[in-house]
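Q: Okay, here's the structure, questions in a sec.
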Amino acid sequence: MSAFDPAVADVRLRIRERSLPLRAPLGTATGEIRERPVFLVALAGTFAGGESCRGVGEAAPLPPWTEPVGDCRLALEGAADAVAAGAAVDLGGLPPAARHALSLASVDARARRDGVPLSRALAAAGDPPAASVPANATVGDGSVAETVAAADTAVAEGFDCLKCKVGARSVAEDTERLRAVRESVGDDVVIRADANGAWDREAAARAVEAFAAPDVDLAYLEQPVARDDHESLRALRGRGVPVAVDETVNAPDGTDGWPDPIGEYADVAVLKPMAQGGPEATVAAARDLHDRGVDTVVTTTIDAAVARTAAVHVAAAVPGGGERAHGLATGDLLAADVVDGDDDPVPVADGRVAVPTGPGLAGDLFDGVV
Ligand SMILES: O=C(O)CCC(=O)c1ccccc1C(=O)O
Ligand SMILES: [Mg+2]
């Protein structure tokens with residue numbers, strides 16, 4: 001009997017820790033991201049029906065979206081020890097990145113046993129997952145010239161949606177950056193901005209007013225104010241720029257702190273599977289949000305290829321997931337990954353990612369990485 005999946009016998013859990021440097025630091029309003037610690041986990045055992053059970057998962061902890069790396073390591077080591085001792089592991093009691101790793105390994109194993117892609121296993125029964133999903137390019141903080149150069153490169157690569165980091169400099173400078181990007185890329189490209197909670201209500205209101213102007217034409221502004229400044233989120237609605245929430249709905253302590261009713265506080269919810277505790281929890285949250293009139297955009301926390309591939313399956317399975325761009329073009333931000341670029345099962349081509357069609361995450365592609 002498995003510790004965290006009652007259908008699995010003789011269960012074993014292997015963990016491998018790595019640290020993946022970014023090619024260049026990603027500038028955000030809360031500092032630079034330079035390196036990503038990741039834990040790869042392999043689940044092996046035997047299903048009750050006698051079929052072999054193999055699944056791969058990943059935890060890529062990143063505060064404040066998830067628990068710190070040390071807590072994640074302890075949680076995973078504790079789970080592996082419990083599994084080895086035949087004791088129960090309560091996935092719900094683990095912090096989100098550790099929970100993501102184990103629930104991903106578990107759903108990958110079940111989808112591989114059933115011979116269906118992870119996206120199919122995650123989607124609602126009568127609702128086929130998207131075959132491909134659009135992705136936005138992620139443009140870090142930088143000077144006007146650097147921002148325009150990054151935007152132009154992304155558009156030349158085929159992206160028609162850009163997400164620019166803002167909030168690291170003044171609202172006036174960010175407006176200048178976005179206006180210059182709009183001027184350079186033209187009217188057919190969707191531009192989003194992400195302030196990572198940098199502003200108070202007054203600065204955010206100035207930003208919204210400036211970004212609503214036709215010479216910027218922002219599609220949405222992500223996390224303009226601090227995660228728990230719910231009333232400012234509500235006050236910023238309906239002023240010409242849709243509001244997206246990220247940190248507000250991706251906190252390590254779960255959904256308890258979400259503003260309610262969420263539809264009064266946000267037009268769009270950015271869901272990070274790594275912060276939501278796994279693929280299944282993320283799809284469930286997206287369905288709930290959809291019922292409340294809030295669209296979901298799925299993004300990574302700059303994860304390694306295992307969790308990035310899982311996020312692509314999740315994006316394909318959420319309601320309307322094939323129709324809007326997701327934050328899934330983060331593989332190229334890494335200087336090294338757990339598979340070579342040539343083996344990446346979810347490359348971005350022309351601004352889209354094809355959803356892998358093999359069983360589970362990507363067939364047995366990741367079995368060697370743990
Ligand atoms: O959404 C994207 O384009 C990529 C993901 C991204 O921006 C991100 C990556 C790591 C940590 C936080 C964030 C964020 O959305 O704030
Ligand atoms: Mg964000």
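Placed from the backbone N, Cα and C atoms, the Cβ positions cover glycine too.
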Q: For the Mg(2+) site that TrEMBL describes with D194, D246, which of these is also annotated: E157, E173, E222, E280?
A: E222
Q: Looking only at C-alpha atoms, tell me how far D194 (Mg(2+) binding site) is from K165 (active site, proton donor), rounded to the nearest Å.
A: 5
Q: Once the DSSP letters are reduced so that anything not helix or strand counts as coil, what is K165 (active site, proton donor)?
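A: Reduced to three states, the DSSP call for K165 (active site, proton donor) is strand.
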Q: Of K165, E222, D246, which is closest to K272 (active site, proton acceptor) if I measure between C-alpha atoms? They're all recorded positions.
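A: Smallest Cα separation from K272 (active site, proton acceptor) among K165, E222, D246: D246.
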Q: What does DSSP give as the helix, strand and coil breakdown of the domain 'Mandelate racemase/muconate lactonizing enzyme C-terminal' (144-242)?
A: 46 helix, 17 strand, 36 coil
Q: Among K165, D194, D246, K272, which recorded positions lie by ligand 1, judged by Cβ under 6 Å to any atom?
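A: Among K165, D194, D246, K272, near ligand 1: D194, D246.
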